[in-house]
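Student: The feature Na(+) 1 binding site is assigned by TrEMBL to G53, A55, V56, N60, S288, L385, D388, S389. Residues annotated as Na(+) 2 binding site in TrEMBL: N320. What TrEMBL lists as disulfide bond is C159-C169. Residues annotated as transmembrane segment in TrEMBL: 47-64, 76-94, 115-135, 207-225, 232-249, 277-302, 314-339, 373-398, 418-436, 448-477, 489-509, 529-547.
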Amino acid sequence: MEVEPGKAKMPRGESDYALRPVDLKGVDETPVDAEAQRPTWSGRLDFILASVGYAVGLGNVWRFPYLCYSSGGGAFVVPYLIMVLLCGIPLLFMEFSIGQYTRLGPVHALTKLCPLLKGVGVATVVISFVFSTYYNVLMSWTLYYFFNSFGATLPWISCNNTWNDVGNCSSGLPGNSTHLQSASQQFFELLQKTSGIEEAGGIRWELFGYLILSWVIVYLCIFKGVKSTGKVVYFTAIFPYFILFALLINNVQLPGAKNGILYFVTPVWRKLFEVKVWVNAAAQVFNSLGIAFGSMISMASYNKFNNNILRDALIVSLTNSFTSILAGFVIFSAIGYMAHIHNLPVENIATDGPGLVFVVYPEVLSTMPFYQLWAPLFFFMLLCLGLDSQFATVEVAITFIKDEFGPQVLRFLKREELLTLVMCIVGFLLGIPHVTKGGIFVFQLMDHYTAVVSLVFLAFFEVVAVCWIFGVPRLCLMVERMQGKSPNIYFRVCWLICPLLVLCILISSLVQYTPAHYGKYTYPTWAEVMGWGVSLVSIVWIPLGAIHEVSRHKGSLLQRLKTAMISTIDLDADDPLPEKQKLENPASENLIK
């Protein structure tokens, strides 16, 4: 993390727009001032790897392969790639542009672009931090499996352990025998000992310890900000690919692997006429790339002003899609092998969600040659995939606090490292309900209402604020000032139609809404209400921010709305680049001329 010397510091209060009245006379600062104060990534590769690490996570390993399996096999790739082209790449480029130009986190950046919808920025911070509190629970589960995979035999191989219900235990996958559970299923259910969310039970102290360890790891990786994160991602973003390729080479040589791969890629074309398949494809793109979580805006805000974000957006998007497809081949080649071993159809083995990673694949690993090697490597890979996604979600909240309350917080805590420590402690405390004996029910409820319901709402209002209210022409001008040329017609058209596409996804999601469930367990009414409360914790900031902004102005309601939609970014100001950056970026010289 480098700060260029010899530049004037940004005046205090420059980024205090979201939660207090906007002083229209004092908000026309160009990115020059922010450049002076804000640290930057040590190198361009740091930012690319951090973005790839955030985008490529556990969802690529379990959610994408299962969506292909359940939504038409190879046919699902068609709507998925269309959504990547129409929404994924353009919106990622948009978020990179916003962060890099404003040099601010999502709250203050979106406030400057569209004061009326400044609540969207606050909502992205809230949803990211809520997400981080339960996402790290997955890391504790991964550590639990990782350390249990070093024994002479894997503990989920047999039914001879103290936790097994021998009468209902099957040493292999039970197939269609509904009264039986595999040893791997029973090992995973060590995480869940109660009958439902109504019965929390006591804390699972082993998982409690792993949750502490996972937050300690996160803190050690991010406590120096982009200076430490930029170095850690060189390992956490690259290492999983070595394991994925090694597993693929190993798996394709196993008997039955071909059947699993064929089941994964064989198109069922009639599925393309189902609206749900297209909604699933769009939702996968948004969840995987982290659109509307604020993380990409936060990370891009640490770029230098003339960084090539178009190149970065293409690299991150295409790498993310490639990883999802690669993981599909890895997972389903192993599932095909498992089907061959137990003489079962492939569809009886594939499953959704955490079960694919924590039940089915451990069972697969236990039957592989050299499982003592593959099992620890697989769970270490999961740990790396999850950690760099976790870094980014925690960093969103930290960036917001530093942008909004930086001087006050530093007067109290003295060091930025202590702010990071406080955020990690708060995240740990909020994650404790997930490591009780009924914690998996809490986890499933939180994941459904945060990663599915809230995210689509936020994505819609974000793209409306930027693409329609702020406007595509002004967004293009921002990009032109940074890159030396305006975005091509492809991006301009996509930005114009993205709000309509996201609106269709939002409406379809509401029409096809189904309550959260875990397996055959259905949640009681009070839990559903609590789940919607979790969604509203982030969504409510959008109307609150709009009401606050409109109430600040005078005149009729229509006049107030018009005033509240006026951006505070002065794109007509003189050249925003310092002399040193002009020399570094020849394209900017052409722009000036």
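Each residue's number is its place along the chain shown, starting with 1.
Glycine residues also receive a Cβ, built from the backbone N, Cα and C atoms like all the rest.
Any TrEMBL annotation is an automated prediction that lacks curation.
Worth saying up front: this structure is predicted, and the values here are computed from it rather than measured.
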Student: What recorded positions among C159, C169, N320 are found with a C-alpha within 10 angstroms of that of V56 (Na(+) 1 binding site)?
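Tutor: Qualifying among C159, C169, N320: N320.
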Student: Of C159, C169, N320, which is closest to S389 (Na(+) 1 binding site) if I measure between C-alpha atoms? They're all recorded positions.
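Tutor: Checked the recorded positions C159, C169, N320; minimum Cα distance to S389 (Na(+) 1 binding site) goes to N320.
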Student: Reported as an integer number of Å, what is the Cα distance between L385 (Na(+) 1 binding site) and the residue listed as 'Na(+) 2 binding site'?
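Tutor: The residue listed as 'Na(+) 2 binding site' has its Cα 12 Å from the Cα of L385 (Na(+) 1 binding site).
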Student: Should the transmembrane segment (277-302) and the transmembrane segment (418-436) be scored as in contact, given a threshold of at least 3 Cβ pairs under 8 Å and pairs 6 or more apart?
Tutor: no
Student: In the same chain, who gets a Cβ under 8 Å from the transmembrane segment (489-509) while lying at least 6 residues past its ends?
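Tutor: Contacts with the transmembrane segment (489-509): 85-87, 89-91, 93-94, 275-276, 278-279, 282-283, 452-453, 456-457, 459-460, 463-464, 466-468, 472, 475-476.
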Student: Do the transmembrane segment (115-135) and the transmembrane segment (314-339) share at least 3 Cβ pairs under 8 Å, sequence separation 6 or more?
Tutor: no
Student: Measuring C-alpha to C-alpha, could you say which of the recorded positions C159, C169, N320 are within 10 Å of A55 (Na(+) 1 binding site)?
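Tutor: Those near A55 (Na(+) 1 binding site) - Cα within 10 Å - are N320, in sequence order.
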Student: Does anything in the same chain, at least 6 positions from G53 (Na(+) 1 binding site), have a Cβ under 8 Å from its Cβ, and if so what?
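Tutor: Counting only residues 6 or more apart in sequence, the Cβ neighbours of G53 (Na(+) 1 binding site) under 8 Å are V233, T236, A237, D388, S389, F391, A392.
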Student: Flag the pair the transmembrane segment (418-436) / the transmembrane segment (76-94) as in contact if three or more Cβ pairs fall under 8 Å (sequence separation 6 or more).
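Tutor: Between the transmembrane segment (418-436) and the transmembrane segment (76-94), contact is absent.
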Student: Among the recorded stretches 76-94, 232-249, 448-477, 529-547, which has the greatest number of Cβ pairs closer than 8 Å to the transmembrane segment (373-398)?
Tutor: 232-249
Student: Hey, how far is C159 (disulfide bond) from N60 (Na(+) 1 binding site), Cα to Cα, in Å?
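Tutor: Rounded to the nearest whole number, the Cα-Cα distance is 31 Å.
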Student: Measuring Cα to Cα, tell me the gap between C169 (disulfide bond) and S288 (Na(+) 1 binding site) in whole angstrom.
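Tutor: Cα of C169 (disulfide bond) to Cα of S288 (Na(+) 1 binding site) measures 36 Å after rounding.
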